[in-house]
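Engineer: Dumping the structure here so I can ask a few things about it.
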């Protein structure tokens, strides 16, 4: 078979996505997974899938002088299992009638030869047709099975072949790219901070501990202190895309034990409102570019999970913490001016702001001192901080603030939070030698995507999610 295949002259190896009617009559070579196959006795039909694209391939049962497959080859092709990875050489033929069930609807490939590069086991953990069916297709075909999400996660490599999953991680990649691009275009330098630390970065108890050469170390729950030290070191604008670790036994649909942090820190030239405006402009740029560059992926996801286009403005809608408390009190929600918002109150605020301002994203600033970490700049007289959260579709997607840059104030606030200054020695020492005013934010990538699409399960946006119940695969 290999020898005969090599004698079939083709016009190069082609991606399925690049096949179109202009190749009518030309011989090509394509590779992909066997998504579907059927045999009517006289004909074999195979739907070949590569990434998010599919094409129908067909061959006729051979007769003497047919010039196609031999009878042994025809019999062998009929036995190829679903999800096997194969190469097909054949002639592109333009079709007069639309081919349903394929992304390439006006062409098919008439098979002249093939080879199996990797055979798939007959016993698949789930049928790809079941996880590839859109909401509309499910309504029309009630025989399609619902595959439990934990089974999909247990077999994540195969699940990544599903169109919705593939499109999701294409969009996730786009968000990281646009985040990095915007910051680099605005003078930011990328840094990589240590994820092995000697003590808590924020005084919390939710840390993973590891053995580190006969002593205890911890997995970083934030790059916060290192970002600030980079600014103190003279790098005016820095950012990081890196993993963050939180040992929280919380709702696995909302929190991950390991997630990707999009962090940035910058010097402040005027006041902290400049940082708020900059972050909002960055998010607007990301949202604009997603619509412009990832329209196909967004529509693929929409076919499986309906979501509304995001509503936002060029300039941010900014409300103070006190103003937001007043809005909630008017809605009958009981809370005080010193209280932080929980997930329910954030959701309520999201609907109120959408009704009042017609946007899905807004900023809450000036949180009470009691609700923020020790490194947050304070206005002691007013009892508030120069801090801010961004709320997207009723969910917090980032938290940030102007930071404390005066050494004696920082030591005082550390002690007030019940943290020993000696445990933060390297961080605190750096502020002894002068520090510019600075601020920034930390964005949870998976949380941002969850809010953007309005989905209920954050694990959908982690390639191999880690939560209190999952350490596999």
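The backbone N, Cα and C atoms fix where each Cβ goes, and this holds for glycine too.
Swiss-Prot lists these features:
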- 202, 246, 399, 403: L-aspartate binding site (BINDING)
- 224-227: region 'Aspartate' (REGION)
- 246, 247, 248, 254, 255, 256, 396, 444, 445, 446, 447: ATP binding site (BINDING)
Engineer: Which sequence-distant residues neighbour the region 'Aspartate' (224-227)? Criterion: at least 6 residues beyond either end, Cβ under 8 Å.
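Structural biologist: 191, 193-194, 201-202, 238, 240, 263-265, 373, 375, 424, 427, 440, 442.
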Engineer: Run through 246, 399, 403 for me and report the binding-site residues whose CA is within 10 Å of the CA of residue 447 (ATP binding site), in sequence order.
Structural biologist: none
Engineer: 10 Å Cβ neighbour count around residue 246 (L-aspartate binding site)?
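Structural biologist: There are 18 such Cβ atoms around residue 246 (L-aspartate binding site).
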Engineer: What does the structure give for the C-alpha distance between residue 396 (ATP binding site) and residue 246 (L-aspartate binding site)? Integer Å is fine.
Structural biologist: 17
Engineer: Nearest by CA distance to residue 255 (ATP binding site): which of the binding-site residues is it, out of 246, 399, 403?
Structural biologist: 246
Engineer: Tell me, how many other CB atoms lie within 10 A of the CB of residue 396 (ATP binding site), whichever protein chain they belong to?
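Structural biologist: Neighbour count, Cβ to Cβ under the 10 Å cut-off: 17.
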Engineer: In which DSSP state, out of helix, strand and coil, do we find residue 255 (ATP binding site)?
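Structural biologist: In the DSSP reduction, residue 255 (ATP binding site) maps to coil.
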Engineer: Averaged across the region 'Aspartate' (224-227), what pLDDT does the model get? Just tell me the whole number, please.
Structural biologist: 97
Engineer: Compute all pairwise C-alpha distances among 246, 247, 248, 254, 255, 256, 396, 444, 445, 446, 447, the residues listed as binding ATP, and give the largest one in whole angstrom.
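Structural biologist: Site span for ATP, by Cα atoms: 19 Å.
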